[in-house]
Amino acid sequence: TMPSIFSYQSAEVDWCEGNFERSAVIAEYYNTDGTSLLSFLLLAPLNSLVLEEPPRACGRMELCHLKVPLLPAGVFSTYFHMTLSYMGQLLDELSILWSLAVAYSFWYPQVYFPKCIKTRKHFLWLTGTTTVISTLLSFIKPTLNAYALNCIAFHLLYLTWRELKKCNDKRVHRMAAVMVMWWALAITSWISDRWLCGLWQAINFPYFHSFWHVLIAMSLLYCCPLVIYFDIHYEMPSIKPKLEYWPSDSWPVVVPYITLEEPHKQC
């Protein structure tokens with residue numbers, strides 16, 4: 001008989017961490033529990049909550065709710081690594097796909113629209129159609145989904161580079177550099193877990209996928225304010241956004257956020 005899509009270990013992918021070694025009900029303990037889970041369920045909301053102080057610091061109101069698409073991704077990732085079920089795998093990957101679709105739909109700068117797209121409404125239809133098609137294709141070979149989703153990061157990095165070329169604010173450049181640093185560490189951990197699993201198991205340290213969860217959440221902690229910063233530039237050109245750090249610039253790990261100063265176009 002065919003296994004249920006909800007059955008434990010029915011997924012097409014299994015990460016390097018040993019299964020059920022520390023719990024009878026949690027397949028991958030470190031990928032499910034502790035800092036791996038807290039990174040998405042706490043860091044991403046913390047970023048958005050601080051951004052809401054003061055209320056106008058988010059530019060367009062929907063930017064204050066970046067946590068909305070991120071929270072389901074954290075929940076479904078937890079469910080997937082706890083069960084290693086086929087349904088968990090799909091929910092984990094599709095939640096990321098749809099989070100990216102929301103980000104592109106609402107915050108992709110209109111200056112970068114394809115020439116055939118004239119309005120935000122048309123772009124919403126384009127991204128919506130592309131996302132639905134991608135969702136359907138995801139059921140054909142789910143093991144390829146994670147690689148495809150990671151490749152989208154290169155387009156986002158390219159867009160960041162394009163924006164930085166037009167901006168002279170050193171704080172913006174520094175924040176982008178820190179974001180890229182965390183992303184580079186994250187993707188290195190992801191690839192290491194995927195391709196060098198035998199080595200990590202041989203030395204009894206198969207935990208790099210759990211590092212990926214924490215590191216990519218740290219990258220998002222810096223990515224979200226950058227998205228807001230550039231969105232204010234396009235949607236509120238008379239406002240001067242400024243990057244700040246909580247609790248202090250001197251702390252090694254901080255929560256960045258946006259404040260708005262007197263009307264002035266900076267970038």
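Glycine residues also receive a Cβ, built from the backbone N, Cα and C atoms like all the rest.
Residues annotated as Ca(2+) binding site in TrEMBL: Asp14, Trp15, Glu17, Asn19, Glu28. The number of other CB atoms found within 10 A of the CB of Glu17 (Ca(2+) binding site), across every protein chain shown, is 24.
Residue environment of His213 (Zn(2+) binding site) contains 26 other Cβ atoms, counted within 10 Å of its Cβ in all protein chains. According to TrEMBL, the Zn(2+) binding site annotation covers His81, His209, His213.
According to TrEMBL, the feature transmembrane segment maps to 123-140 (among others).
Tertiary neighbourhood of the transmembrane segment (146-161): same-chain residues 13, 93, 96-97, 100, 109, 112, 176, 179-180, 183, 187, 190, 223, 226, selected by CB-CB distance under 8 Å and a gap of 6+ residues from either end. Residues or ranges marked as transmembrane segment by TrEMBL: 146-161 (among others).
Through the fold, the transmembrane segment (173-191) approaches residues 150, 153, 157, 160, 164, 167, 208-209, 211-212, 215-216, 218-219, 221-223, 225-226, 243, 256 of its own chain, all at least 6 residues removed from its boundaries and within a Cβ separation under 8 Å. According to TrEMBL, the transmembrane segment annotation covers 173-191 (among others).
If you look up TrEMBL, you'll see 211-232 (among others) marked as transmembrane segment.
Here the Cα atom of Glu28 (Ca(2+) binding site) is found 6 Å from that of His81 (Zn(2+) binding site). Over all protein chains present, the Cβ of His81 (Zn(2+) binding site) has 27 other Cβ atoms lying within 10 Å.
All chains included, 24 other C-beta atoms sit within 10 angstroms of the C-beta of Trp15 (Ca(2+) binding site).
Take the mean position of the Cβ atoms of Asp14, Trp15, Glu17, Asn19, Glu28, the recorded Ca(2+) site; other residues of that chain with a Cβ within 8 Å of it are Cys16, Gly18, Ala27, Asn31, His81, Leu84, Pro206, His209.
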